[in-house]
Amino acid sequence: MEALSSLIHGFDVLLTWQNMALMLFGIVLGIFVGVLPGLGGPNGVAILLPLTFSMDPTSAIVLLSCIYWGALFGGAITAILFNIPGEAWSVATTFDGYPMAQKGQAAEALTAAFTASFVGSFLAVVLITFLAPLVAGFAIRFGPPEFFAVYLLTFCSFVGLGREDKHKIVISLVIGFLLTAVGMDTVSGQLRMTFGSVELLRGFDFLVAVIGLFGVGEILLTMEESFAFRGKKAVISPTVVFRTWATLPKYWLTLLRSSAIGCWLGITPGGAIAASFMGYNIAKRVAKDKESFGQGRIDGVLAPETAAHAAGTSALLPMLALGIPGSGTAAVLLGGLMVWGLQPGPLLFVEQKDFVWGLIASMYLGNIVGLIVVLATVPLFASVLRVPFPTIAPMILVSCAVGAFAVQNAVFDIWLMLAFGVVGYVFKKLGYPLAPLTLALVLGDKAEDAFRQAMIGARGSMTVFFSNGLVGTITIIALLVLFMPLIGQAVAWVRGTRAPKIEPEAPPVSAPASEA
Amino acid sequence: MSIQDEETEDRSVVSYRSVDLVVSVLLFLASIILGWTNWQIGAGWAPDGPEAGYFPFYLCVLLGIASLIGIVKGVISRSDASFVGRDQFKRVLQVAIPSLAFVAGIQWLGIYVSSFLLIAGFMRFLGKSSILASLVTPVIFVVFMFYVFEKQFTVLLPKGPIERALLY
């Protein structure tokens, strides 16, 4: 198997003491980021990105992706012990995790959550190992029209699959695109939307936007609640871990189903949040005794955690193979690739073997190390939340400011970050999703270039997007996904005349609208 | 990360519907202004492909349509949900105003002194920590920051008169 030998090569690249140290550091930092409300995956990675500019790309991606794994693990700690989701994707974990903690089963719930996370991401990494090279090999034949069609598919999936108001998703996407267009046009050299401002010549850097929207916005949101953290205590002993593990095999179906849901939603940009809710709801719907959900069932913890992690991990597949990230954090990592001088996309597998396979190897190892670290350090991280928020909030703010400044050594960017923070706060409260905005910010230029190149090649005829089987199929799928809600309604309407309508279970609306 | 189960009697400052409407109207205005500037650059077809304003112009059209839908939805909405309560808004301002002062302070005092003031102020006045704790914690944080950024990663952060007096 070619993938296997490449993977072994990847481990070869990864196993230096320096990379291992970075990995451990990244995971611990990531759990910290996941535990703290106000710091999340996307902005945690964004704040640290400028520090990696001078690093070797492989080490840099190991560090940053481990922060991501750590954050995925960390969100569950606060969800179960404090009933506060540290990350939006752990909201569904609170439904059964916190009741378990109330019943004195906090250690079991945590063990279940971490193990489920591990299973979910492990299956997703296996998928990436074997599928990503195939997709990349296929995508190497892509020209500009195909790439634009794939971008179109990504953006359409956001609109078609998103749970928010459709017009708000579109607005969020368009704002992202418009922000990237500000400044000098890469093709003609003309200035666009700068209104004579010198500062705007550089355009908007996506890192500054991400730090503001997610970091500062999140702090403002968190401050609204008068925070009194009253949590359950938990010490995880090896006996509890093994006792919990012994019960897990009987939930194999839940784990597999949630992994499948997660992988699907991760590759199409549904994201970890949608995946965790869907995993939970489906587990509940197929269960014999639906009423016991929400009162502390172990599969109520397993289902959302597995799905969230499978989604969070598999979001890296399209990022590596096509250069299109499946989640907000993946988008930030993708931006990192460009900063480190790597061209994301299918050629990465040919030209940057060390980088790609080192990253994939680090996903295997990072998840194993993450599982051990997180099981061992729960009490430590739970105590972090007992530090009063007025002490932590200004430190997060300072870190955000440093991160924003370090991107281009410009104080103006710190002001921009604040402005984005206010926008992020208002948008989140109004239910505008922020992940499409981030994605459009990162991909905007590339999508526009692909469009223009395709148009130049075709002398301005839109039919180029249907000119051969490949591009036509992708375009049609994109349009189908875009109009899926309408098609679904139409089908339901036709069926409604004969069969009783089966309403899909609506996910709880209390979910914070932040992104994976 | 919000938890909505402990809603208390917090008088609304402004309704969700009005903020939603205002944002939609602002976005609509933005779409017109931005669309107009892109039209000026040229949103048509040059011999070598689309002009510079082509892509952004049609984005603005999309933004205009989407925000119009937002306006219509806002106008016909009968919801009287609150956007933010009075107490909540007070707490948000308690972060927002010091943050503004912090960023302004970076330009005059440098980031280290400004960070010290921000953290110390937060701990003392919002966290009600003891004077000693509110002085020692930010000093440790700022020294750590200096070590990590200036020494380890050689990221030169903005400095002010105090650092210059100390020869940095």
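Any Cβ shown, glycine's included, is placed from N, Cα and C.
The domain 'DUF112' annotation in TrEMBL covers A:21-438.
If you look up TrEMBL, you'll see A:21-40 (among others) marked as transmembrane segment.
Look at TrEMBL and you will find A:60-82 (among others) tagged as transmembrane segment.
Panel annotation: around the transmembrane segment (A:109-136), residues 2-3, 6-7, 69, 72-73, 76-77, 79-81, 93, 96-97, 100-101, 234, 236, 240-241, 244-245, 248, 255-256, 258-259, 262-263, 266, 296, 298, 301-303, 305-314, 316-318, 320-322, 346, 348-349, 360, 363-364, 367-368, 370-371, 374-375, 378 of the same chain, lying at least six beyond its termini, place a Cβ under 8 Å from a Cβ of the stretch. Positions annotated as transmembrane segment by TrEMBL: A:109-136 (among others).
As annotated by TrEMBL, transmembrane segment applies to A:142-162 (among others).
TrEMBL lists A:169-191 (among others) with the feature transmembrane segment.
Per TrEMBL, transmembrane segment is recorded for A:203-222 (among others).
Here TrEMBL flags A:234-253 (among others) as transmembrane segment.
As annotated by TrEMBL, transmembrane segment applies to A:259-280 (among others). Listed by sequence, the residues of this chain that lie at least six past the ends of the transmembrane segment (A:259-280) yet keep a Cβ under 8 A from its Cβ atoms are 72, 88-93, 95, 119-120, 123-124, 127, 154, 157-158, 161, 163, 300, 303-315, 317-318, 325-328, 435, 439, 481, 507-508, 511, 514-516.
Annotation source TrEMBL lists transmembrane segment at A:319-343 (among others).
For A:355-382 (among others), the entry in TrEMBL reads transmembrane segment.
With a cut-off of 8 Å between Cβ atoms, the residues of this chain six or more beyond the transmembrane segment (A:394-427) that come close are 36, 38-39, 43, 46-51, 172, 199, 202, 204-205, 207-209, 211-221, 434. Summarising the annotation, TrEMBL assigns transmembrane segment to A:394-427 (among others).
Taken from TrEMBL, the feature transmembrane segment applies to A:470-494 (among others).
By the Cβ criterion (distance under 8 Å, sequence gap of 6 or more), the transmembrane segment (A:355-382) is counted as touching the transmembrane segment (A:21-40), at least 3 such pairs being found. Using the rule of three or more Cβ pairs under 8 Å, pairs at least 6 apart in sequence, the transmembrane segment (A:203-222) is in contact with the transmembrane segment (A:319-343). Touching of the transmembrane segment (A:142-162) and the transmembrane segment (A:169-191) is concluded from the presence of at least three CB pairs under 8 A, sequence neighbours closer than 6 excluded.
The list of residues near the transmembrane segment (A:21-40) in space but at least 6 beyond its ends in sequence, with Cβ under 8 angstroms from a Cβ of it, reads 48, 59, 62-75, 77-78, 84, 86-88, 214-215, 218-219, 222, 227, 362, 365-366, 369-370, 373-374, 377, 381-382, 384-385, 389, 392-393, 396, 399, 514.
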